[in-house]
Amino acid sequence: MAIEEKQSRFRISDIARELQVSPREVLQFVKQEGGKVASTSSMVGEEMRDMIFGNFSQEKKLVDETRKIRAEKKKRLTRLEEQSRKAYEKEQQLKESLSSAPSPAPAAHTPEPVKEPFVEIPARHEPAVSPAAPAEQPVIAETPQPESPKEEVVATKAPEAEAKPVEQPEKAAETAVEAQPEAQSQQEPGAEESAEASQTLVQTLPDSMKTYEAPQKIGGLTVLGTIDVSSGSDRKKKSRKKSFKENAAELKDEFEGATSGSSEGGEAGRKKVAKAAGEGESTTGGEDASGKKKKGKKKKKVEVDDKVISKNIKSTISGMDDSGSSGSRQKFRKMRRMERERELEEAEAMREAEKSLIKVTEYASPHELAELMGLTAKDIIQKCFTLGKFVTINQRLDKETIELIAMEFGFDIEFTTEVEATTTEEQVDNPEDMKTRPPVVTIMGHVDHGKTSLLDYIRRSNVVAGESGGITQHIGAYEVTVEGDRQITFLDTPGHEAFTAMRARGAQVTDIVILVVAADDSVMPQTIEAINHSKAAGVPIVVALNKIDKPEANVDKIKTQLSEAGVLVEDWGGEYQCQEISAKKGIGISELMEKVLTEAEVRELKGNYSRDIMASGIIVESELDKGKGVVSTVLVQRGFLKVGDPFVAGNSMGKVRALMDERGKRTDEAGPSTPVRVLGFEDMPQSGDVLTVMESDRDARDLAQKRQIIKREHEFRRSTRVKLDSIARQIKEGLKKELSVIIKADTDGSIQALADGLMKIHNEEVKVQLIHQGVGQITETDVLLAAASDAIIIGFRVRPNVNAKRLAEKEDLDVRFYSVIYHVLEDVEKALEGMLSPELHEESLGSIEIRQVFRVPKVGNVGGAYVLDGKVPRDANVRLLRDGVQIYEGQLDSLKRFKDDVKEVDSGYECGLSLKGYDDIKVGDVVEAYKIVEKKRKL
């Protein structure tokens, strides 16, 4: 417990830092809320912390959004750094490959950089240069300027490239065709001389045309850079210088994103020209061709890496800053990208949350917890040891311990019942199968306010006659046809306080609540409770003010009390419909039904009427019939429940043997909102369980067995824990008295009401221990269990069989029979009061003053005393006071008048006395006489 308290305390300054507000503001708020704090270093509990967060909700929202933005920015910066690192590694690899590459090899790929940039241009001029590769050679000679000596040099150095691949003529032809348009557009009068020079050039290469293709291509490209006579020289020099000396600088500039879109286009154009021109000047004539080939390959690799690096970095920068995007399309793409990233992050966060959320049933073992958390059982046990709990690997842990362990390991716990842990797959409703269904109306209100009388008049039958004391003992479900052949299903709930669970269950399965309030009474606690149940379930309320025919009826008083309870009727400007009725005389009943049907039409109640879907419903009530077995009242919610359907309901299963309405008439099927009595249960289901039709008996049995196993584990753990706790408590505080009880009743709802009522009757010393509960008559097994447990048997509207009655008389057991629940609760309360230890009170009898002390041989000191007040009996308890301080407490050893022993001495008389076991009596001591009186206690 100390650990839990420590973890639930928070410092005010830490809370203020988390909210990013002034600690003094938080301190002032805590003081306004009544918190006992002295400074910003004071600690507050978890409840006060939640109140602080609620008061500073806007600040907390801003802080959470800021943290989220920072987290997203941090993630993007991390991705940018990772991409930059990869780009830097690629650059280093590129430099290493350029420095280690051999000189002859690059020529094989020299034409590729020139091929890619201009591949679209020849498409418009291709018909003019359609001849094959050998015929294209004269065309190449048309492009150069009249610098024929330079072409002679290139031709003479051609033998160095004899080992080149055969496909180079085709590439050279393409390059020549690409260069032709510019050459034709800027052709000068000296072009005829260049044509003659080209003819002489072709004649000097009779046998080595294939090996000459690559140099011829390179030679033509070298001259191609000088086509623009007006301003081509500067561009040529600049492009050559940049491609030769600033390859690394270009890479760095693009890497840093410094170049704009227009400058990138210009640089790209210059790079294309530079590549076409051979990319670099040769320092010596003999190394010109090989140098150009090497530079060409280097530039090819650099260009590919530039594109990848530039694309990655620009996309990252544009994702971080709006200035990086230009145009609506780029902005739209950026927004879509950010949206996808946000969705991915949210999905990842949800997956992480699901990973940290584990669903367990209560009383799981350390081994099961370890499997769910992905840990070892040793880790769980060690954590329990550190928390002060000594457990074994298969020991069942309670709910608090499981929550504490999960919090220590950073997991969220969600507890499920045995039914939720084995839930069947939810079937999807087809909109075409959804049709209007009859409303389910629950009648609620205080006991004796006329709920059953109202239903009695609507059904035009005497329901109350079958109820003991005129009080409804269980939920009744009835289907009624009102005017206009409209169907309404009514649920009649008990009104007295013992049936709180039943009213809550009725509110959960209903569509509309009729709240019956007696006009001659007032709004009672059960009326308020019914209102709260209805509001919690989100069910509309129609108020019925009953007994208006009585002279003492006061409608306005009831409406005032209802408004104070949060139910403001329409007559007073509220939203709740109200109708004044008399259930006995039938006044206002038809108007009440119209309002109920109107409310149902507004809500547009739909039900699945498909015959292909598996039916399901709610167990409203269960009982054990002598000739029929277990009979349950089921309110069908979807589909059609038919005879022969296998089903599972809670921990029980079965097969529908028969269906009957509330009047005992057999039927073959029941649709939505239809109450029906079902025969065929193997075990007694609990009220409120969901009945689900299964595909086969085997599926139903397997599911029911799984639920039964989990339930047995829970019950075993609960009983074991109670015994262990009671042993420790009895050792520490003394024996706690228990009244063991066995309950047998006619219906499951009555058992639940009795159990809830009996559990409320207890205090620190006595309590009711419910040994067993069941539906049906009292049997020999119940009697034997009561004899072994020293328990009493309570039969609620049931009797024992012959053998059980004979055995109970033989064992001298206390078997009691009741038909009204109040009598059970009253008798059990009296029995518990009799088990309570009586209260002890001290009653003063008188006081005696010691005036002289005598020494008597073989007796000791004897005091001569005078009775100041009261009457002192011989057997009274006494205490000796000296100067107001208690010296002795005990009993009188002797009391005498003169020499005679007396039973008592009245006020104003002298006497002699001696104390039992005490001899130090002195003059002036005062002896007080008193007795202990026992007083009966009440719960």
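Placement of Cβ uses the backbone N, Cα and C atoms for every residue, glycine included.
Values in this document were obtained by computation on a predicted structure and should not be read as measured data.
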Problem set entry | Segment assigned the feature region 'G3' in Swiss-Prot (from 64-67, 492-495, 664-667, 696-699) | 492-495
Exercise. What range among 546-549, 554-557, 730-733 does Swiss-Prot record as region 'G4'?
Worked result: 546-549
For this session: Report, as a single number, how many Cβ atoms besides its own are within 10 Å of the Cβ of Gly445 (GTP binding site).
Result: 27
Problem set entry | Where Lys451 (GTP binding site) falls in three-state DSSP terms | helix
For this session: Calculate the per-residue pLDDT averaged over the domain 'tr-type G' (436-606) and state the result as an integer.
Result: 79
For this session: Name the secondary structure element type, per DSSP in three states, that contains Ile548 (GTP binding site).
Result: coil
Seminar exercise, completed: Checked against DSSP, the composition of the compositional bias 'Basic and acidic residues' (81-94) is 14 helix, 0 strand, 0 coil
Exercise. If you count the other Cβ atoms within 10 Å of each Cβ, which of the binding-site residues Asp448, Lys451, Ile548 comes out on top?
Worked result: Lys451
